[in-house]
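Listed in TrEMBL:
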type	residues	note
ACT_SITE	A:447	active site, proton donor/acceptor
BINDING	A:126, A:127, A:128, A:129, A:130, A:131, A:132, A:259, A:260, A:261, A:262, A:263, A:264, A:265	FAD binding site
BINDING	A:386	substrate binding site
DOMAIN	A:94-275	domain 'FAD-binding PCMH-type'
SITE	A:310	site 'Important for enzyme activity'
């Protein structure tokens with residue numbers, strides 16, 4: 001699949017705004033911009049900074065046919081899918097374009113590419129799905145001879161499937177649908193379904209600690225990984241002798257979340273599950289977000305645990321109801337939840353009976369399968385609305401965080417207030433929606449969607465709101481990201497979160513594995529500050 | 001509780017060998033040694049290497065009354081509870097005794113102690129439970145002005161309990177029974193019951209990635225930890241803003257398993273559970289170890305999962321049956337399993353019904369509650385037999401490993417063969433018992449107990465057998481330890497397991513947090529080899 005440089009997902013699924021939505025937007029002072037976005041072909045790229053010797057060195061590793069410096073290849077590897085990323089490209093700004101795109105076909109070629117780039121002081125951005133929404137694909141350029149995107153798309157094989165141990169070894173460039181197709185042929189599933197499923201890949205899941213919509217049942221991606229292979233400028237690191245052990249620190253968990261700064265993950269070995277024989281998705285209504293959160297908490301703390309758990313707040317519930325293409329057609333008021341079960345028929349029946357009793361006891365009203373099934377079938381569609389909304393003059397973006405249960409409602413209030421106050425002060429009062437979609441025994445994530453009229457400079461407008469949200473998250477003691485990652489956008493808040501000594505420890509690991517500092521410089525860790 | 005310097009556990013639980021056992025031992029060529037062990041008061045300690053200035057500096061931090069250099073304090077902090085550790089002390093060898101024992105009362109005092117020792121090039125061994133069985137308490141002495149044991153016993157408070165998030169913050173020096181007593185008063189349990197429960201402490205659980213006998217239901221200790229505080233010579237690292245996040249690598253998992261080499265863990269925040277209302281423990285018989293392993297694998301892969309799962313091989317099953325104080329009195333043949341359930345009455349009933357159906361379908365024979373209950377009540381008693389066995393001239397020790405399911409039986413055969421061949425070649429044919437006690441979806445641990453007649457030099461005898469076992473584990477691609485840790489005993493095999501680049505990465509983290517290299521030197525990582 002070829003993705004558009006600045007539009008979400010599969011171009012075949014691009015969508016239009018419903019007419020009724022346009023009427024609603026007018027109420028928020030939204031005005032359609034005079035000029036549409038710059039067409040991709042009209043975007044000017046910076047000149048290729050790499051000289052012929054450098055390009056030849058890349059070609060010597062992967063073959064000349066796998067080194068690309070043309071306009072489309074470079075533009076197609078420029079930044080990710082965050083709203084600021086899209087806004088920049090829509091405005092014709094492709095200053096972060098890589099100088100070249102190299103497409104290795106093997107792990108050894110990745111190691112050789114890193115060695116070639118390290119020797120020549122060329123910065124490297126590992127690129128697999130290209131779906132980062134936190135600036136993870138925009139490495140620092142200053143101080144380097146150029147930037148090469150290492151596109152892992154050719155590394156897309158299922159290397160091994162062990163049906164007894166229920167593990168699969170997957171190459172980093174495999175996108176979600178390919179993983180499920182290949183595992184499905186053998187009767188297995190990975191069960192990892194992030195919102196970016198159509199575009200995101202195994203390497204990105206691992207490097208940025210992805211969490212999918214079925215995390216209640218299948219776990220987060222970092223829970224699934226039992227082994228990995230990392231290419232570094234100094235060679236290969238292979239980790240994962242056992243599911244769990246006491247053999248020192250769990251270094252897999254040091255590589256997971258390292259966002260391409262310590263090496264390039266070329267394959268992972270993951271736990272897989274039998275493809276489910278049965279699926280039931282239902283929707284529920286709760287009187288309030290607090291009541292719904294308490295009910296869902298009971299399930300993850302005392303069981304039985306469904307496969308999917310998701311609770312929208314009153315505003316998100318209301319928006320969906322007001323939309324003629326609404327996912328839930330169940331009447332006004334309260335908060336809607338999706339509860340899904342996957343597994344064997346007996347397992348689904350048992351968990352569903354148990355969970356239904358708990359949710360009913362907690363004040364929930366079972367609305368039936370229609371809303372749940374509609375959500376399941378349309379689960380990847382919502383982000384496609386962003387492009388026509390941006391076209392229509394709406395600023396829309398999402399952000400997320402995670403905390404312990406006792407801090408959840410205070411955190412939600414603080415972030416909502418920060419976003420609302422920042423954008424209102426800028427003359428663009430927003431709508432702030434929130435949902436819970438990842439739950440743990442000790443806490444849960446909060447996912448916010450923010451929409452308002454675009455100001456004259458929407459990048460600056462969002463930067464101010466985002467900064468206020470980051471500060472609110474930090475002040476509340478929560479984590480700066482639950483599953484989007486750190487990238488460049490969260491880097492400074494992340495440094496505050498873990499503190500200067502932990503930043504030094506990370507920097508020391510990077511120095512050990514990547515002495516020239518070429519790997520995704522500026523992502524995750526600021527290379528220009530700190531240290532002894 | 002005061003522990004004996006070289007006898008396991010609570011002195012009140014010391015035990016004698018049954019007469020019938022002594023008869024059996026004679027069959028193995030075991031002869032009672034002419035001389036009993038050296039009495040503790042007769043063991044000569046090396047002179048205290050620290051000068052008055054250094055001792056004053058420690059006293060300035062914790063108070064003179066909390067700095068101990070007397071014979072009993074130093075001897076009581078010498079090494080841990082492995083058979084080689086005991087053999088050395090029984091032979092009067094206390095060369096690894098620390099020069100002083102400092103007992104801080106606060107986290108800040110730990111930081112100040114590390115600073116004082118760092119400045120003076122004094123090696124530090126963090127000491128909480130003192131139960132290491134892998135040489136984790138015997139730091140390298142060469143190149144240092146001396147060795148100080150930092151005894152965390154005063155850090156034994158329950159700092160916080162959050163009943164909504166179900167988290168508790170526990171200081172590192174708390175031993176297992178105290179944790180359960182304090183949590184129990186509030187209606188909660190940690191659910192962590194390692195064999196060393198009576199002696200081991202929170203700090204050790206964390207630093208060495210402990211796994212308890214109820215790991216199937218409650219998880220490993222590293223699964224329970226959501227936050228921790230680490231004292232380093234450069235200051236404090238505080239980790240854990242949320243249950244899980246995508247905010248970079250999970251640095252908690254870098255500190256867990258670091259065995260005192262990166263800092264001193266002074267407190268952890270853990271997930272807790274409501275104290276169970278109901279407990280059912282039962283025993284089952286399977287025709288073979290393979291059949292039993294397959295049956296238990298079905299439970300951890302497809303559910304429902306009991307709280308305790310444990311399967312003895314034919315030899316371990318037979319030994320227990322031959323013993324008049326046998327845990328299982330259920331007739332000869334096959335392999336015995338313990339299956340336990342803890343939780344609410346409804347939860348226990350549901351899981352027990354489901355698991356009983358699965359195990360029966362898999363060929364298991366339910367023997368009833370007697371064997372299971374006897375195991376539960378006697379679960380901490382078995383290691384007390386080691387001391388009278390050593391007195392009687394038996395060499396007895398345990399070791400453990402973990403691998404993926406498809407490799408489990410090959411690993412068991414390889415380790416059994418390596419141990420048997422090594423000891424038989426030394427003229428002391430052993431008995432090798434094995435059980436599975438920790439199970440995952442993708443694999444399981446193997447725990448071996450080895451017993452034979454003591455040779456003239458039992459330390460050298462065991463070193464040779466252990467070396468053969470380590471090589472077999474490495475050749476099988478398994479992890480060198482499931483829950484005992486690395487210490488000094490597994491250090492070199494561990495380095496082979498993770499490879500030289502990963503060792504460099506660990507060394508880099510240590511250098512960043514502990515620039516003088518005073519923290520448990522020689523444990524986990526060899527400070528004298530490798531690096532750039």
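Even glycines carry a Cβ here, placed using N, Cα and C.
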Least Cβ-crowded entry, counting other Cβ within 10 Å, from the binding-site residues listed as A:126, A:130, A:260: A:130
Integer average pLDDT (0 to 100) for the domain 'FAD-binding PCMH-type' (A:94-275): 97
Cβ neighbours within the same chain of residue A:262 (FAD binding site) - under 8 Å, at least six residues apart: A:230, A:232, A:254, A:255, A:509, A:510, A:513, A:514, A:519
Candidate binding-site residues A:126, A:132, A:264, pick with smallest Cα gap to residue A:447 (active site, proton donor/acceptor): A:132
Distance from residue A:310 (site 'Important for enzyme activity') back to residue A:130 (FAD binding site), taken between C-alpha atoms, in Å: 26
Other CB atoms within 10 A, centred on residue A:264 (FAD binding site): 29
Where residue A:132 (FAD binding site) falls in three-state DSSP terms: coil
Site diameter for FAD, Å, by largest Cα distance between A:126, A:127, A:128, A:129, A:130, A:131, A:132, A:259, A:260, A:261, A:262, A:263, A:264, A:265: 19
Nonlocal residues around the residue listed as 'substrate binding site', in sequence order (Cβ under 8 Å, 6 or more apart): A:8, A:83, A:86, A:396
Coarse DSSP state, helix versus strand versus coil, of residue A:262 (FAD binding site): coil
Between residue A:310 (site 'Important for enzyme activity') and residue A:132 (FAD binding site): CA-CA distance (Å): 23
Residue A:126 (FAD binding site) to residue A:310 (site 'Important for enzyme activity') - Cα separation in whole Å: 32
DSSP three-state assignment for residue A:386 (substrate binding site): helix
